[in-house]
Amino acid sequence: MKGNFRKRDSSTNSRKGGNSDSNYTNGGVPNQNNSSMFYENPEITRNFDDRQDYLLANSIGSDVTVTVTSGVKYTGLLVSCNLESTNGIDVVLRFPRVADSGVSDSVDDLAKTLGETLLIHGEDVAELELKNIDLSLDEKWENSKAQETTPARTNIEKERVNGESNEVTKFRTDVDISGSGREIKERKLEKWTPEEGAEHFDINKGKALEDDSASWDQFAVNEKKFGVKSTFDEHLYTTKINKDDPNYSKRLQEAERIAKEIESQGTSGNIHIAEDRGIIIDDSGLDEEDLYSGVDRRGDELLAALKSNSKPNSNKGNRYVPPTLRQQPHHMDPAIISSSNSNKNENAVSTDTSTPAAAGAPEGKPPQKTSKNKKSLSSKEAQIEELKKFSEKFKVPYDIPKDMLEVLKRSSSTLKSNSSLPPKPISKTPSAKTVSPTTQISAGKSESRRSGSNISQGQSSTGHTTRSSTSLRRRNHGSFFGAKNPHTNDAKRVLFGKSFNMFIKSKEAHDEKKKGDDASENMEPFFIEKPYFTAPTWLNTIEESYKTFFPDEDTAIQEAQTRFQQRQLNSMGNAVPGMNPAMGMNMGGMMGFPMGGPSASPNPMMNGFAAGSMGMYMPFQPQPMFYHPSMPQMMPVMGSNGAEEGGGNISPHVPAGFMAAGPGAPMGAFGYPGGIPFQGMMGSGPSGMPANGSAMHSHGHSRNYHQTSHHGHHNSSTSGHK
């Protein structure tokens with residue numbers, strides 16, 4: 001495979017294969033018949049791409065030789081290649097070697113630069129040679145796949161046969177899985193022999209861990225070997241025994257007595273408890289699963305007796321049932337079990353009740369109790385007896401607090417002396433009152449529904465009277481405070497209203513603070529501190545003082561000085577006689593003096609005053625002004641009264657000599673006028689010139705601004721003088 005392997009594009013109809021310059025032949029001359037000799041449609045291009053990808057995929061892991069554009073050949077294992085690159089095929093070689101250095105003879109130098117992995121970009125690959133490509137990998141993979149699926153298929157068929165014979169369930173428990181009938185193949189055990197030269201431990205010589213009599217401290221070993229100091233404290237997990245306690249011996253004897261009492265109760269057939277207590281048991285017919293992995297689902301003796309009287313579970317399927325729900329009833333509280341059983345037997349017991357009046361009716365037949373009802377009554381009585389025994393044996397393992405004892409005594413005395421409770425029912429004999437048969441039967445039915453517990457004890461419906469039928473008085477609820485009702489106290493009420501009034505307490509605190517002050521009274525504001533503050537859900541400035549809106553004394557003085565300096569600078573800037581409107585800027589508050597002397601100066605380049613004027617001279621620095629032809633000359637309107645106040649030019653524009661100088665005006669060097677007016681210094685004449693000097697001043701307009709602290713006025717005048 002030679003050439004720059006560029007990825008073919010399905011949108012083009014020409015194949016870009018071979019060398020990157022394959023479109024040019026005979027020394028770079030384009031081949032006119034290239035498109036007519038060989039034409040590739042998209043299907044042919046796709047077939048070539050598939051073949052190339054197949055070869056590259058099968059050559060992964062084999063030796064390849066890559067020739068780069070510089071002529072150097074590299075040999076190595078092909079690890080991966082990028083087929084999505086549009087610049088050719090990127091190649092990654094593992095353990096590269098230099099096979100040919102090409103035009104250069106420095107093979108060793110090239111080999112030193114190579115690492116374990118070499119990445120060659122597609123634009124640098126000129127030739128790729130694949131060696132020893134194994135194209136039979138697909139057949140090997142198919143054969144191995146068929147061998148793997150064959151035993152799996154046989155196992156599936158076996159499971160299907162076993163599933164058809166047994167009940168099909170979606171969820172299988174451990175018992176179902178273990179009893180599925182799979183064949184268990186045991187492996188042949190091989191005797192282990194230690195290798196030659198390896199350290200051999202002889203168990204008979206007492207080198208085992210169990211036979212080591214020396215004490216071993218894991219924390220000390222870790223600290224010695226690894227420098228890890230343990231922070232373990234056994235008292236974080238166990239209760240620390242204080243042996244210095246004077247009651248230590250008494251508590252120790254009590255603990256030993258309780259331990260002996262527990263151990264003397266017997267194991268109840270529990271193998272684990274017997275083993276813990278050191279009792280020898282006969283485990284000849286038990287395996288390890290029965291000894292250590294079995295679960296005793298009987299519970300204690302009370303629940304076992306209750307479960308024996310419950311209905312057997314008719315559902316014997318393979319559905320998984322948690323251990324807590326496998327035997328009904330699953331309630332652990334005996335009171336709940338008793339109430340649930342009484343509700344079930346209530347209707348059955350109510351049908352068996354009868355009255356003497358109903359028995360004496362001519363057409364009525366006295367109902368007889370069936371064996372089923374007798375069994376339910378006997379089971380109920382047995383449960384009641386069990387509950388009585390349980391209540392007698394049960395003891396609270398903790399001492400009752402003293403405050404609870406007072407509450408219990410108070411509740412019992414309240415029940416005895418509470419007059420709001422209805423009176424106890426009074427039992428009457430059947431001969432004390434005669435009722436019609438119809439009324440007697442209907443009353444018996446209603447009363448049997450209301451009080452099933454009294455009927456179950458063998459009393460008839462007319463032999464007793466329920467509480468709801470004898471008393472129609474409304475029961476008043478007991479007082480929340482019990483016998484100790486609170487009494488009103490006017491003094492406490494006044495004290496409560498005074499102590500919790502924030503206005504009164506704030507005034508008292510303010511008066512106490514001013515008691516020791518003998519100075520004269522001043523108008524000090526009276527502040528009341530807010531007792532609490534609840535932050536709102538929106539931004540607020542409630543807690544900010546009004547003083548934050550005014551600056552302090554230092555800041556106010558500094559701001560006043562800054563404003564005063566600013567006013568001085570503004571007044572100096574407004575008094576400037578010259579401004580260049582073409583530049584749009586003020587000339588600043590310069591206090592200048594006229595530069596330039598008579599036009600007949602001996603040195604035209606030094607157009608300055610002689611020693612008689614200012615005692616100094618300044619050289620003339622010409623500053624020509626140029627205007628673009630497409631841009632109008634920015635000439636100010638002289639003496640414009642319609643301009644805004646302060647918005648016009650302060651002094652007339654000083655144009656160049658060829659624009660502003662009139663005929664016969666004195667000219668300086670480079671065609672500029674000899675005198676340029678500046679603002680006069682302090683003590684100058686009214687025209688802005690020095691009092692004892694002479695200079696040329698051009699005609700123009702000027703504006704004078706006078707500002708005071710209270711008012712200002714604007715004067716505009718036109719004057720000309722020499």
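Using N, Cα and C of the backbone, Cβ positions are placed for all residues, glycine too.
Between Lys170, Lys191, Lys344, Lys433, Swiss-Prot assigns ubiquitin cross-link to Lys344; no such entry appears for the others, which is not proof they lack it. Per Swiss-Prot, the phosphoserine annotation among the candidates Ser215, Ser284, Ser354, Ser694 falls on Ser215.
Within the set Thr150, Thr193, Swiss-Prot records phosphothreonine at Thr193. Note on Ser436, Ser651: Swiss-Prot annotates phosphoserine at Ser436; no matching annotation appears for the rest, which is not proof of its absence. When Ser80, Ser106, Ser136, Ser213 are compared with the annotations in Swiss-Prot, the one labelled phosphoserine turns out to be Ser106. Model confidence over the domain 'Sm' (51-107) stands at 85, taken as the mean pLDDT rounded to a whole number. If you count neighbouring Cβ atoms within 10 Å for each of the modified residues Ser106, Thr193, Ser215, the highest count belongs to Ser106.
The domain 'Sm' (51-107): residue composition by secondary structure is 9 helix, 27 strand, 21 coil, according to DSSP.
Rounded to a whole value, the Cα-Cα separation of Ser215 (phosphoserine) and Thr193 (phosphothreonine) is 31 Å. Straight-line distance linking the Cα atoms of Thr193 (phosphothreonine) and Ser106 (phosphoserine), rounded to a whole number, equals 58 Å. A coil conformation is recorded for Thr193 (phosphothreonine) in the three-state DSSP classification, outside any helix or strand.
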